[in-house]
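Okay, so here's the structure we're looking at.
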Amino acid sequence: MNAPVGGIWLWLPLLLTWLSPEVSSSWWYMKATGGSSRVMCDNVPGLVSRQRQLCHRHPDVMRAIGLGVAEWTAECQHQFRQHRWNCNTLDRDHSLFGRVLLRSSRESAFVYAISSAGVVFAVTRACSQGELKSCSCDPKKKGTAKDSKGTFDWGGCSDNIDYGIKFARAFVDAKERKGKDARALMNVHNNRAGRKAVKRFLKQECKCHGVSGSCTLRTCWLAMADFRKTGDYLWRRYNGAIQVVMNQDGTGFTVANKRFKKPTKNDLVYFENSPDYCIRDRDAGSLGTAGRVCNLTSRGMDSCEVMCCGRGYDTSRVTRMTKCECKFHWCCAVRCQDCLEALDVHTCKAPKSADWAAPT
């Protein structure tokens, strides 16, 4: 039966346009682009004009961002190491992750958040290390202040996280056509959640001065925590991500399931359910789990039952060198021997009749 004019079939092309990004954030490809700043700025595909302007104007910041890509991708892979999709990257793809992030899924939400957080972390750290011309330590942390332990003096080098957040917002969000399509709004929201996550773990560190370290005087500064804390926090947000739909005027979100609360600025949001990532699917960007190592004794996501999607697994015996027969020698060393250890490794079987990828 034909739908009436103004019905769902009329809205479907517009909905698909809203949900389909042109490409993923191609600035991620800066990790693989070396050479001078001009070479880097002109050869990263897909940068919008504002991003290229910032790239040419702040080549030292771009180098910091490029180095930071390796750090946040490693963190992404750590968090997803026991899952079917393991945040694998494609070296020859300028989107870095391939087609998997074209879907507005939980995984896309996490990657946008962790990448935005990675820019904040990398830029802020470079500021504190004196590597950037446009910033240094936080200039606002001067003079005397108070906390629950009393009065202290600001000293040392407080991480200038406000600069890191400001630059990350200007550079990363520049690609998103804010207010024009659903995916751009989703990306902007998750980018902001990532930036806020880094600041959440900014901590005050102090050094005591006085007789025998009596803390008669204290000098304090603000420092970012290890990036793993941000990764762990965003992982929890990934597991609690909220599915949303566009509101009627196309300017914001509403929850897809009315039983759930409205997302806060700290929550990750997504539109589409994830594929199961069990088999290789070029359209979905999934490499499948054939050849992936699984844990025979686990009951979690890395178990052979879950990881292999019920297809079964192959077992092979391998040997590895380990330290053994360790003894303590006075004083003060532990000396060990090198021993060969045999262990069983379990890997997921391939689908019986499917084109499957090499181990991921």
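Each residue, glycine too, has its Cβ placed from N, Cα and C.
Feature list (source: Swiss-Prot):
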DISULFID  C76-C87  disulfide bond
DISULFID  C127-C135  disulfide bond
DISULFID  C137-C157  disulfide bond
DISULFID  C206-C220  disulfide bond
DISULFID  C208-C215  disulfide bond
DISULFID  C278-C309  disulfide bond
DISULFID  C294-C304  disulfide bond
DISULFID  C308-C348  disulfide bond
DISULFID  C324-C339  disulfide bond
DISULFID  C326-C336  disulfide bond
DISULFID  C331-C332  disulfide bond
CARBOHYD  N295  N-linked glycosylation site
LIPID     S212  O-palmitoleoyl serine
SIGNAL    1-25  signal peptide
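On the structure: features taken from Swiss-Prot.
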residue: C87; record: disulfide bond; Cβ neighbours (10 Å): 22
residue: C206; record: disulfide bond; Cβ neighbours (10 Å): 16
residue: C208; record: disulfide bond; Cβ neighbours (10 Å): 13
residue: C294; record: disulfide bond; Cβ neighbours (10 Å): 20
residue: N295; record: N-linked glycosylation site; Cβ neighbours (10 Å): 16
residue: C304; record: disulfide bond; Cβ neighbours (10 Å): 22
residue: C324; record: disulfide bond; Cβ neighbours (10 Å): 11
residue: C332; record: disulfide bond; Cβ neighbours (10 Å): 6
residue: C336; record: disulfide bond; Cβ neighbours (10 Å): 11
residue: C339; record: disulfide bond; Cβ neighbours (10 Å): 11
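Only C308, C348, of the disulfide-bonded residues C87, C127, C278, C308, C339, C348, have a C-alpha within 10 angstroms of the C-alpha of C294 (disulfide bond). A distance of 37 Å separates the Cα atom of C208 (disulfide bond) from that of C76 (disulfide bond). Listed in sequence order, the disulfide-bonded residues near C348 (disulfide bond) (C-alpha within 10 Å of its C-alpha) are C309, out of C127, C220, C309, C324, C336.
Of all the recorded positions given, namely C127, C135, S212, C332, none has its Cα within 10 Å of the Cα of C308 (disulfide bond). The residue listed as 'N-linked glycosylation site' and C304 (disulfide bond) are 6 Å apart (CA-CA, integer value). Of all the disulfide-bonded residues given, namely C76, C127, C135, C157, C278, C331, none has its Cα within 10 Å of the Cα of the residue listed as 'N-linked glycosylation site'. Note on proximity: of the disulfide-bonded residues C135, C137, C309, the one nearest C87 (disulfide bond) is C309, by Cα distance. Candidate recorded positions: C127, S212, C215, C332, C336. Nearest to C324 (disulfide bond) by Cα distance: C336. Remark: of the disulfide-bonded residues C127, C135, C137, C157, C326, the most isolated position is C326 (fewest other Cβ atoms within 10 Å of its Cβ). Counting Cβ atoms from all protein chains shown, C309 (disulfide bond) has 18 others lying within 10 Å of its own Cβ. Taking the Cα of C331 (disulfide bond) as the reference point, the closest of the recorded positions C76, C137, S212, C220, C309 is S212. Ranked by how many other Cβ atoms sit within 10 Å of their Cβ, the disulfide-bonded residues C76, C215, C220, C308, C348 place C215 at the bottom.
Listed recorded positions near C157 (disulfide bond): C220 (candidates C76, C206, S212, C220, C326, C332; Cα-Cα distance within 10 Å).
Between the listed disulfide-bonded residues, namely C278, C331, the fewest other CB atoms within 10 angstroms of a CB are found at C331. In three-state terms derived from DSSP, C135 (disulfide bond) belongs to neither a helical nor a strand segment and is classed as coil.
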